[in-house]
Amino acid sequence: MNLLIMGLPGAGKGTQAAKIVEEFGVAHISTGDMFRAAIANQTEMGRLAKSFIDKGELVPDEVTNGIVKERLAESDIAEKGFLLDGYPRTIEQAHALDETLKALDIKLDGVINIEVNPESLVERLSGRFICRSCGSTYHKVFNPTKVEGTCDVCGGHEFFQREDDKPETVKRRLDVNIAQGEPIIAHYRELGLVSDIQGNQDIDDVFADVKKAIAAIK
């Protein structure tokens, strides 16, 4: 079984990916892990990627696509199948993946799309705040301080938000992800591969829906 999992930042994609891998025994292929392994093993594409990273430059698509192809050609993929996580990020990468799968004679069985309302994601992702004195991290909805305005750990009263966690920054980041992701989802929807999963539920309820979708694919 060969799957792709998609979802906006904060949608719980990573949590569901881990559960899928544990339940079904497929190889978890995440972009970060692929890059680290290719560089550590000094593959042709790994050496190329490292040359860009060492210069502080973005790794070009053709190198990223090459690293994905190297990984998908490994023997465990034929034995176990895979869950691809974090790739493709652009429609160009999606088309490159189509070509890679065709070249390797691999069939993509389905795309799990974790859907969460963007406004809910802004709340999830922008609610984090940090104690200035001891660095303890809280969330205004999911993990507030026991006493409002007082750190549970050190009793401090000064808190701050990282720039990345501010609502306007989070919204900008989500807008970019939505703009990049919509054409990819549309592409796979045309191929009849997409299963939409409602992510605004308890983690176990989301996974129950994921399992139903996978059962329908199988």
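Residue numbers in this text run from 1 along the chain shown.
Even glycines carry a Cβ here, placed using N, Cα and C.
Quick look at what Swiss-Prot lists:
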BINDING   Gly10, Ala11, Gly12, Lys13, Gly14, Thr15, Arg128, Thr137, Tyr138, Gln201  ATP binding site
BINDING   Thr31, Arg36, Glu57, Leu58, Val59, Gly86, Tyr87, Pro88, Arg89, Gln93, Arg162, Arg173  AMP binding site
BINDING   Cys131, Cys134, Cys151, Cys154  Zn(2+) binding site
REGION    30-59  region 'NMP'
REGION    127-165  region 'LID'
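If you measure from the Cα atom of Arg128 (ATP binding site) to that of Val59 (AMP binding site), you get 30 Å. Gly14 (ATP binding site) falls within a helical segment according to DSSP. The shortest Cα-Cα distance from Arg162 (AMP binding site) to any of the binding-site residues (Gly12, Gly14, Cys134, Tyr138) is found for Tyr138. Checked against Tyr138 (ATP binding site), the binding-site residues Thr31, Tyr87, Arg89, Cys151 differ in C-alpha distance, with Cys151 being the nearest. DSSP classifies Thr31 (AMP binding site) as helix under the three-state reduction. Nearest in space to Arg89 (AMP binding site), taking C-alpha to C-alpha distance over the binding-site residues Gly14, Cys131, Cys134, Cys151, is Gly14. Secondary structure at Cys154 (Zn(2+) binding site), as computed by DSSP, is coil.
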